[in-house]
Amino acid sequence: MVDLDSEVPPLPPRYRFRDLLLGDQGWQSDDRVQVEFYMNENTFKERLKLFFIKNQRSSLRIRLFNFSLKLLSCFLYIVRVLLDDPTQGLGWSPIIWVNRSLPLWGLQLSDIVGFFSFSLKGNIWEQILRIPFLLEIINAVPFIITIFWPVLRNLFIPVFLNCWLAKHALENMINDLHRAIQRTQSAMFNQVLILISTLLCLIFTCICGIQHLERAGNRLTLFDSLYFCIVTFSTVGFGDVTPKIWPSKLLVVIMICVALVVLPIQFEQLAYLWMERQKSGGNYSRYRAQTEKHVVLCVSSLKIDLLMDFLNEFYAHPRLQDYYVVILCPTEMDAQVRRVLQIPMWSQRVIYLQGSALKDQDLLRAKMDNAEACFILSSRCEVDRTAADHQTILRAWAVKDFAPNCPLYVQILKPENKFHIKFADHVVCEEEFKYAMLALNCICPATSTLITLLVHTSRGHVKLFSLCFRESQQSPEQWQKMYGRCSGNEVYHINLEESTFFAEYEGKSFTYASFHAHKKFGVCLIGVRKEDNKNILLNPGPRYIMSSTDICFYINITKEENSAFKKQEKHRKNHESKLSYHGASRLPVHSIIASMGTVAIDLQDTGCRGASGATLALPAQGGREGRRPSIAPVLEVADSSSLPTCDLLSDQSEDETTPSDEEGSAVFEYAKGYPPYSPYIGSSPTFCHLLHEKVPFCCLRLDKGCQHNYYEDAKAYGFKNKLIIVAAETAGNGLYNFIVPLRAYYRPKKELNPIVLLLDNPPDMHFLDAICWFPMVYYMVGSIDNLDDLLRCGVTFAANMVVVDKESTMSAEEDYMADAKTIVNVQTLFRLFSSLSIITELTHPANMRFMQFRAKDCYSLALSKLEKKEREKGSNLAFMFRLPFAAGRVFSISMLDTLLYQSFVKDYMISITRLLLGLDTTPGSGFLCSMKITEEDLWIRTYARLYQKLCSSTGDIPIGVYRTESQKLTTSESQISISVEDWEDTKDTKEQFSSRGNHRNSTSSDQSDHPLLRRKSMQWARRLSRRAPRHSAKTAEKINQQRMNLYRRSERQELAELVKNRMKHLGLSPAGYDEMNDHQNTLSYILINPSPDTRLELNDIVYLIRPDPLTYVPNAGPSRKNSFCNTVGQDTREETQL
């Protein structure tokens, strides 16, 4: 059995080794037939064609030889003319006969070769009908006749016509040259070559023809003929040289007619090719790419706003002034972009190429392999944003494949597509940044404005405060000066040992360096990066000791390299020279004395720091009353015994006081851990407040009860904190980044706001599975167009309403109309719920002037003029003085495009922005939060003392102030909707003026509380009742009462009554709506890194970068809350070792 299985059958005879050596004779009887290919090329005619025509290299040699012969024949004709004596002969004989020497005749016989070469090409009848063959006949046949009939050797032959044959040979030679070197020829080059050669041939033909015909007339020389032709073709016509005989005149007429026909055709083709070249952009030369620096911008469609944002931001940096920008776009350049690129400032530096990044030829035209960087931007106006991301991904792959060493800066729209372009050097995901920024806007007001101002280059908009020196009568208000001056702050970096700002703080704590650098130089040190670590640490805390190799990141008006340090006064220098350091803190004596104020010193708080905010408690007063309260000095090196060591992973770290029984149940429902499920790949894990068990999907629906609860509206839940409502079209994966910052572990449990998602379309199960672990997160299907949906989702109990731009409305026939629906809906919300803080996302930043629009508001009109002036100056942020933007109530994601552009110069900006927004969490890095200045905190008085207080007590670093002031406005039409006629007396006019002055800063728009309006309405109604026809007393009184009630009603009252009626219809109590106040007459703005002597005001909100609480967690062992990560199915992380 084994033998049967292992037995191998013998090979057939023809496969034996003997047959391989001796040859397979058995094949002779086989049915196979040997086939020979390309037998048609073995004929003599085909071989000639292959050599002279099909083979590019041999054909190129033949054409070059033929071209040389034609040029030689033209040159020999000129030599013959110069050697000829035109005085011989009489009458017409000099035209027919010429003096041709025997050697010259022999050389001119070489032109016969060209005639035979033509006879070898193609069909003979096709050759006969062609003009080049006829010219060959005219020039070659007479020479052949002279061989057999020597008497005709001196017969005139128009050899100068060979110039046209040379032109034809040149065209063919150029084509063969491009085919031989395997390169695509330039149509523009060929057309220019044809035009020039045609013009030269016309002039040469006319010169030779006139000179020869005038042998029987004026006997002109070649130079005289050249002069005549140039004067004639240039239409100058001096008349000093003219033909005398009629053949010469006829030739001039023929040549002019030919020129009028041929040259316009050539010019038309050249102009057409030039226009097409202008559309496609041509090529970026290799020589320029090797000698100059350039970057490539790849976009799907180029809009004027996108172009100007990129150019203004890119060229705002001084070291980028010599760079070229090559734009690679598949669409044709529109009229607006063409007009902008014709401006001399841009025409010399910006090159537009029409082409696709997926084609290697177009990438070669843009010289992508020599580019310093490639920016790939997504088209956010596409209806299908996923398809736009797919195009961006393919472009990134194509560029990486073509130029692997070219740095890539990619903008992506959807977060789930990020992992496809991980290889890019810098990536900005639009939805990630957008939702995280909108979320922080709810707890840190105007975070979007803060980030936008930080990532924009300050050149061009260190704004208007210079106007006050030039035009005092048109000077801006005080808030505009402060806001404009502080908005010029940016983030810069410098090495510690090379810095004048921070070099003296080597070996000292981070908080000490930050405070004293701000006190001395006015710069705000916000973060560091170690030399051997790529991670940036924002406010690493007092335990971090500054090293000489650290990279310092700071906020300032300009970078240190561009700053000048002025010497202080002489007495200051003498005073500082006597300073000595004493005590453990090693502070200068004058700093200690200045910070004491009284005998009692506010020592560092050694207790557990609450996460709810910094402690600005007034220190205990000692000594005499009336002295300024003292602030503890900031220690150079933090004392380990004074640092807080509280366990923030335990429940007791959340509240300074023990929760009551009612609050206890809610507090202990939450745990801390990493979300067990992320809706997309690539999301950064964040330590958050989570539930022990995920909520059933039915309980996430706010407006519908289920078997677990019976609540059907927001009021029924009885939330202790106000709501945060997000109105979006769909629950995309980016919306997950809105929830995470609001549920981060460093947010106090008692301050967590319920989140309600108002969605036009129901969310999918994947999204619900991601949000069901977060506490107090609900959704509701509805729209902001519907008042009932707004009332059900709890808009009357909301602290913030976030309106996200809908994807379906981002594209419109007219670009700026894409925001029309969003703007009108927000305006309706603004009128219905005037005290609601509405945060709106727009597609186009220019449309933010329509937010909270009031047509007859003089203040808004003044700001509009201010914006026009800023735009004329070339400002990148001309809209920055608009009240909605300054207050952080409007945001456009296109304003963050500059974040990607700035990363070319500042490669750390994306990392810092992600840390500030909470998108990334680095161990030891702080987070952005805020605190409010109350009446108890006003004893601090100045920003410098606040800086010292925070650094010495909690280690927080303040970076800015959000200030709200009463807006001094004249009464708008929303407050007074009834005009008073001119028949009113002088007393009423005076009372009106007085009333306006008293109520200018009023925050109420209810006209029923306006005494002037009530008085005028009563007078008006009284006058109308006097003019009314006489009826019965009862009827007249009734009509008068109706009119009085009608005029007393204001627009605000009508809207309030409408809302209350709808609430009653839905079974909701209108109690909460009655308590709403109108805050339309206030303005808010941001002061980034204000000067140390800035006075603090009541209700100021201070932006803080707070140290990571996990930094102070003791390493004794994991808290009992750490086990939650295991219960939810996620790997355990070493939180306590962060």
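Including glycine, each Cβ sits where the backbone N, Cα and C put it.
Of the candidate ranges 220-238, 429-447, TrEMBL annotates residues 220-238 with the feature transmembrane segment. With DSSP classes pooled into helix, strand and coil, the tally for the domain 'RCK N-terminal' (721-861) is 60 helix, 29 strand, 52 coil. Non-local neighbours of the transmembrane segment (250-274) in the same chain are 187-188, 191-192, 194-195, 198-199, 202, 205-206, 209-210, 213, 232-233, 243; each lies 6+ residues outside the stretch with a CB under 8 Å from one of its CB atoms. When the domain 'RCK N-terminal' (292-428) is classified with DSSP, helix, strand and coil residues number 59 helix, 28 strand, 50 coil.
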